[in-house]
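These come from Swiss-Prot:
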type	residues	note
ACT_SITE	THR179	active site, nucleophile
BINDING	ARG207, VAL208, GLY209, ASP210, THR230, GLY231, THR232, GLY233	substrate binding site
Amino acid sequence: MNKAVIAIHGGAGAIARAQMSHEQELRYIQALSEIVESGQKMLEAGDSALDVVTEAVRLLEACPLFNAGIGAVYTRDGTHELDACVMDGNTLKAGAVAGVSHVRHPVLAARLVMERSPHVLMVGEGAENFAFSQGMARVSPDIFSTPARYEQLLAARAAGEMALDHSGAPLDETKKMGTVGAVARDKFGNLAAATSTGGMTNKLPGRVGDSPLVGAGCYANNASVAVSCTGTGEVFIRTLAAYDIAALMEYGGLSLADACERVVMEKLPALGGSGGLIAVDHEGNVALPFNSEGMYRAWGYAGDTPTTGIYRE
């Protein structure tokens, strides 16, 4: 294969065709198509995989349809806490931020952590202050708010109270989460991955999922694969899902497709994990597996027509 390629996702979960209007479908497909086409053009122009995934996730953060940046979900306290990670498969350098509320684009803050600090992961106020010191503007958390996300919070609160009072059953996690991500292989053979999220609706303040954790929700290594995950974050952390794909390929000799099948369809469900991931290997092969009802996704090789999807086809 050995071609430049990009894949993106806008989250996985209980995305039922029957609950989606044709107009809603078109909005998601258009947004995914425009963003992946932008990445394809960058790859054609010779941009690095790292720059391509960073820009793709920045655009996803700017789109209110997805749970990252503008349109991020609310915590139980009615606040926003955002997480992001980037990783360069060529150098194995990575940067991440978690629990930030005053940075418009967490993925750009994560990139700054990687390139301008000696650290990999920074959290909360310290991460924000570092980003501000590097020239990022401080923004009001209100910019992330949308009416649809607030309605989700109210519904989750009501369901949570009812479950707590009567059945003790947890909320359906697949309906509360979402993430965005991108993986790419550039024409020089370098891989990169980026992931960003607002977390879970009605999550406890301070909760951090897999998205900003290297090896759990985001991983890239030129020797094997670039991966960005979406789903039940706690299970992705416990299984080191993103790194597990790389390990199965590098040490177990599995193909990209077989490694993804093992992790997404076997290991994650065994622990109650729902969701999916996008991955591209060192040869440019692409995989977009998910075990949930749907996953917003798109991918395309440089110079080709992109492919988009929402449901299990």
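Each Cβ is built from the backbone N, Cα and C atoms, and glycine gets one as well.
Overlay of Swiss-Prot feature records on the structure.
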{"residue": "THR179", "record": "active site, nucleophile", "CB count, 10 Å": "35"}
{"residue": "ARG207", "record": "substrate binding site", "CB count, 10 Å": "16"}
{"residue": "VAL208", "record": "substrate binding site", "CB count, 10 Å": "20"}
{"residue": "GLY209", "record": "substrate binding site", "CB count, 10 Å": "26"}
{"residue": "ASP210", "record": "substrate binding site", "CB count, 10 Å": "30"}
{"residue": "THR230", "record": "substrate binding site", "CB count, 10 Å": "33"}
{"residue": "GLY231", "record": "substrate binding site", "CB count, 10 Å": "30"}
{"residue": "THR232", "record": "substrate binding site", "CB count, 10 Å": "26"}
{"residue": "GLY233", "record": "substrate binding site", "CB count, 10 Å": "29"}
When distances run from the Cα of THR179 (active site, nucleophile) to each of the binding-site residues VAL208, GLY209, THR230, GLY231, THR232, the nearest one: THR230
DSSP-derived class (H/G/I helix, E/B strand, else coil) of THR232 (substrate binding site): coil
